[in-house]
Amino acid sequence: MELNALIKKIESVDSYAREFLKKFEIKQEKGKFLFIAPGEDYREWLETIVNTFLEEEVRKLIEVKEKEEKKKVEIKDFLNPKYTLENFIVGEGNRLAYEVVKEALENLGSLYNPIFIYGSVGTGKTHLLQAAGNEAKKRGYRVIYSSADDFAQAMVEHLKKGTINEFRNMYKSVDLLLLDDVQFLSGKERTQIEFFHIFNTLYLLEKQIILASDRHPQKLDGVSDRLVSRFEGGILVEIELDNKTRFKIIKEKLKEFNLELRKEVIDYLLENTKNVREIEGKIKLIKLKGFEGLERKERKERDKLMQIVEFVANYYAVKVEDILSDKRNKRTSEARKIAMYLCRKVCSASLIEIARAFKRKDHTTVIHAIRSVEEEKKKDRKFKHLVGFLEKQAFDKIC
């Protein structure tokens with residue numbers, strides 16, 4: 001029997017059949033006609049007609065199934081509700097990033113895509129990404145926020161469990177993807193391949209992608225050219241904290257911690273902080289121990305860093321002022337990078353604190369020095385033993 005003849009038989013039983021059958025997907029498989037119903041009601045309607053009104057030989061030609069609904073992908077968004085666009089403090093250095101994100105939220109995926117925000121540590125990138133996520137979620141969009149490091153770790157876990165398709169489907173089902181700390185994709189080749197395919201899928205579906213990094217895409221060493229090219233394919237926005245914005249943030253944080261400080265303390269905070277994390281850390285310490293407690297702690301930390309520099313200078317027989325200068329001879333350069341490394345490992349100093357102690361404008365040099373020491377330790381056993389020896393000596397003598 002041909003399909004047209006079969007349909008006429010069904011239509012002869014029910015006057016509404018012509019309209020109802022338009023809702024079905026009809027396939028011919030293994031000598032049978034498969035009618036795929038869009039829902040339970042349609043399936044029951046056709047089964048009733050087939051089983052009640054059609055002859056046995058015709059019934060054998062028909063199979064009725066209900067359309068299988070795709071399982072809804074469960075999304076863990078990792079958003080912190082404390083970050084909002086309303087409490088993001090806007091100034092000259094971050095206004096463009098803020099405005100671009102706000103505009104993108106009005107036209108997800110079609111106006112600026114991707115958005116790549118870059119700037120130093122603690123300039124508000126995470127706050128802005130989280131705030132964008134919370135705003136989009138409030139409007140009913142599906143959102144995921146993740147750091148590149150967390151993305152990599154989750155991917156590895158899913159590979160081990162054999163559930164990598166679940167991981168891919170979760171990321172590919174969102175309306176807004178927020179990836180923070182993009183610099184941590186560096187050197188992770190398998191992670192980059194996975195992210196590249198997720199990025200492409202979302203981009204082709206016109207879903208919004210917002211990325212944040214501590215450096216411009218061109219400076220992302222160890223990240224593939226094709227990913228860098230994708231990052232540069234949208235809009236690049238630098239984010240900075242100028243003095244006026246930092247002053248606003250200090251005032252806001254003081255309100256948050258219910259503190260009133262005299263002008264000279266606020267001036268001290270302005271002069272001795274570069275980012276939001278430092279501001280928050282120092283205000284917390286003032287709340288706990290008072291301004292004098294903060295001064296004592298910072299003096300002690302600075303002294304420890306200088307003791308590390310002096311210790312390394314003595315070992316390498318170079319001058320402290322040479323380590324703190326821009327001298328580039330081999331001996332001084334090695335002493336400098338090891339001193340920076342020990343300041344981080346032995347004293348747990350922040351990158352910015354180390355940069356300040358070594359009279360550097362930002363922490364990029366410090367990151368490079370620490371990475372250089374770690375890479376050389378992997379390649380050179382003698383160097384590894386030397387660094388281990390100096391680390392133990394510094395810890396015993398200074399900390």
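Glycine is no exception: its Cβ is also placed from the backbone N, Cα and C atoms.
Swiss-Prot has this to say about the protein:
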REGION    1-64  region 'Domain I, interacts with DnaA modulators'
REGION    64-77  region 'Domain II'
REGION    78-290  region 'Domain III, AAA+ region'
BINDING   Ile89, Asn94, Gly122, Thr123, Gly124, Lys125, Thr126, His127  ADP binding site
BINDING   Ile89, Gly122, Gly124, Lys125, Thr126, His127, Asp180, Arg277  ATP binding site
BINDING   Thr126, Asp181  Mg(2+) binding site
BINDING   Val156, Lys188, Arg190, Thr191  ssDNA binding site
Notebook entry, point to check: Using a Cβ-Cβ cut-off under 8 angstroms and a sequence gap of six or more, which residues of the chain neighbour Thr123 (ADP binding site)?
Noted result: Gly93, Asn94, Ile239, Glu240, Leu241, Asn275, Val276
Check: If you measure from the C-alpha of Asp180 (ATP binding site), which of the binding-site residues Ile89, Gly122, Gly124, Lys125, Thr126, Thr191 fall inside 10 Å?
Finding: Lys125, Thr126
Notebook entry, point to check: Taking the Cβ of Arg190 (ssDNA binding site) as centre, how many other Cβ atoms lie within 10 Å?
Noted result: 11
Item checked: Residue, out of the binding-site residues Asp180, Asp181, whose Cβ gathers the largest set of other Cβ atoms within 10 Å -> Asp180
Checklist line | For Gly122 (ADP binding site), the one of Asp181, Arg190, Thr191 that lies nearest, given that the binding-site residues are compared by Cα | finding: Asp181
Notebook entry, point to check: Per DSSP, Arg277 (ATP binding site) is which: helix, strand or coil?
Noted result: helix
Next item on the list: Using all protein chains in view, find how many other C-beta atoms are within 10 Å of the C-beta of Arg277 (ATP binding site).
Entry: 15
Checklist line | Local backbone state of Thr126 (ADP binding site), from DSSP in three classes | finding: helix
Checklist line | When distances run from the Cα of Ile89 (ADP binding site) to each of the binding-site residues Val156, Asp181, Arg190, Arg277, the nearest one | finding: Arg277
Next item on the list: Sort the binding-site residues Val156, Arg190, Arg277 by C-alpha distance from Gly124 (ADP binding site) and give me just the closest.
Entry: Arg277
Checklist line | Env. residues of ssDNA site, Cβ within 8 Å of mean position of Val156, Lys188, Arg190, Thr191 Cβ | finding: Ala152, Met155, Glu189, Gln192, Glu194
Next item on the list: List the Cα distance (Å, whole number) between Thr191 (ssDNA binding site) and Asp181 (Mg(2+) binding site).
Entry: 14
Checklist line | Nearest of the binding-site residues (Val156, Asp181, Arg277) to Lys125 (ADP binding site) - Cα to Cα | finding: Asp181
